[in-house]
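Remarks on the structure that follows.
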Amino acid sequence: MPCSAIDIVINRETIVDVIGDDGQTKGLDNPAFQSSQSLSDIQLRQGTSSVADDKSLACSSAAEHTTELDFRNVYLRQREKKTLKQSCKAKCIKCCTCSSEKWKSTIDKILPCVKTVRKYNVKADLLSDVVCGLTVGVTQIPLAMACAMLANLSPFVGLYTNFFPVLIYFLFGSSRHIAMGTAAIISLLTGSVITKLEDLESSNIGTEALNATANITVSPVVAAKLSDNTKIGIAMGLALLVGIVQLGMGVLRLGFVTTYISDPLVGGFTTGIGLLVITSQVKHLLGVTLPITEGMYQLIRTWIAIIEAILKTNIATVLISIISMAILYIVKEHINQRFKHKLKVPIPIEIVVVIIGTTVSYVWDYKTRFNVKIVGDLPTGLPKPMVPTIGRPDLYMSEIFIIAILGFAQSVSLAALMAKKHNYTTDSNQELVAYGLGNIFGSFFSCYPYAASVSGSFIQDSSGGKTEVASLFSAALIAVVIVWIGDLFRCLPNAILAAIIVVALKNLLLQFGDLPRIWRISRFDFFIWIVTCACTALLNVDYGLLIGVVFSFFTVVIRTQTAIVSSLGKIDDPNLYRNAKKYVTEQTEGIKIVDFNCPLYFANADIFVRKLQRITGVKPEKVSKQLRRGARMNAVEGKSTSSTENNKEDINEETSEDNAPYTVMNGHVKKSKPTRADICPVHHIIIDFSAVSFIDSVGAKIIKQVFEDYSKIDVTVFLACVAEDVWILLDTVELLKKYSGNIFPTVDVAVARAKKQMDNDVVDDAITYF
């Protein structure tokens, strides 16, 4: 509201009543203000001068001296407070109100495919989606088989996982450009669950066998080797439980949980996963058999076993692995990358290597002649639906939640990336529902948990896919492989699938190259990356993620405890205050301006007080002790006063014996009487709260303690730029009842008030900001 639209008048008696004897404003809710008929009836009586001549002065004074409470009384929007009953009633009415538009929007939100089909442009989009879908399908076939092997399952299970859940995602997913199916990280975690249960089963069956037969030596690992059907049953139960967790998270609107997983944590975790994955494939690259390793230090124990079995390496398998990896690397990293602007779609080198490798293996009979391990017989036709058996979920409960969260995190990050690139939005909660329903549906058809494929998503984007219809054509191609031509891959060497996995995951290991950049940006992020990667690779996957999250939260606490508390000074700009150590600033005598740049809560409340005392140079206990010592000296010397005001003045003018100056009187050395300024030259402390996003009850208690401790030594503390949530909490703990006059909208206003209080100009001090 323009200041010129108001006539402001207050007599001096009213001003003194509003300000109070202590010089602090009591707010517009004071009876002195409430008794006035209206603000427009107030007129400024200053001799014979007119109001028009003083309008600019009124505006300036109001801007300089308004408190936060006065400012809120004028400008804060008053909202009607509804009771819980009223709020519930309004929401019920809103939910029960039906209209064609609401039905349409609800269906589009629950089933995004309906909107896609309704607005689908056959002429413009169909050809692009067909080409894109077939391209993705061709590249996903070998990757799906390789990931299934990584999950300790038969390769055809990967094809199932790339077909059945994808159909559900098409119905419920909100992204148009991500390719759902098998993912290396999820496959490794699934394999760890199967290996854990296999290890437990080995111990149980081995013990029973040893007890039953005294004369026959039975190897527990060999005796308890789980059949493929048993492993698939475990994977199906895992997919069902992961789907239930994801669906529950989506219904409860918990899509925000990924915000607690930072990029350094994800980088360290995925790099640790990459080390475990590549290590698990070394046995296939070398053609050796290794004992089952599970639990802590799996990486170290696996490499020890590899070294012990190195002499048993199959030369033919090693040659196949080297040739396959060389071809994959050259085509993917050099030809496809160098000529990506000229190639409409990347060369699907994985399927080319698989076809060539399978053909050569069949012609040369690798299995018989060179003892090369191959995929073996693959079933043809779609699997019959079966009810998954959950078994003992308590044995792998942590893996269930890790797979659910990581699968969601990887998929939703890719979905957000694609949505931003193509200018549309995705719903993280709807994505959770889609992932959960896909896993639940797939669990009835021999699938294990699925997620977005990184390579497949980028291929779908680069090959020109327009909508999620492309995923239907990709799934159709995989269905053809499952039903008719899957058995043709029975002679495919396992080494080729392992080579595909290693080349596909090389980028995870290349993340080590990001460490120098992360170190330069943030030391905390660097150690989050290192700790998470080391714990994931050396301890276990679930321990690695848990320790990484805990360590990340620990670094947040450390950052708040190492917050910078700096002294501010004024620059030439009238309203600009900066760090006095870094900038050339002007300091106002007797006024200390302090900046606190982080939340104030129980973990750093004491640190805040210590740093405040260090920056201002005023420690209330020390100053109070010096004042009391001076008072005792005055009493001994007989310099007592006759009134309370004089007592206070004398106390303030004394100091400690150690700091008092010396004078010579009548040949005797005697300590002189210092002034109040000698003991404590600061009379106002202004704390800039603009960077304090929140406080808790302990923080509010500390603020109250600061107000009280400094007021005992006649130092007034002001707060400036208090955030809305901080103000509400201060009001909740009833701190504003006594100290609302000490809180100001800006630092500049607080400085102006401090100067006026110092000059004891109570007239200008009462004018408020309207």
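Here the Cβ of each residue, glycine as well, is placed from N, Cα and C on the backbone.
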Annotated transmembrane segment segment (source TrEMBL; candidates 112-130, 264-282, 283-301): 264-282
Of the residue ranges 232-252, 589-609, the one that TrEMBL records as transmembrane segment: 232-252
Stretch in 264-282, 302-331, 400-420 most in contact with the transmembrane segment (150-172), if contact is a CB pair under 8 A: 264-282
Winner by Cβ pairs under 8 Å against the transmembrane segment (526-554), considering only 264-282, 400-420, 432-452: 264-282
Range from 232-252, 264-282, 302-331, 400-420, 432-452 with the greatest count of C-beta pairs under 8 A to the transmembrane segment (343-364): 302-331
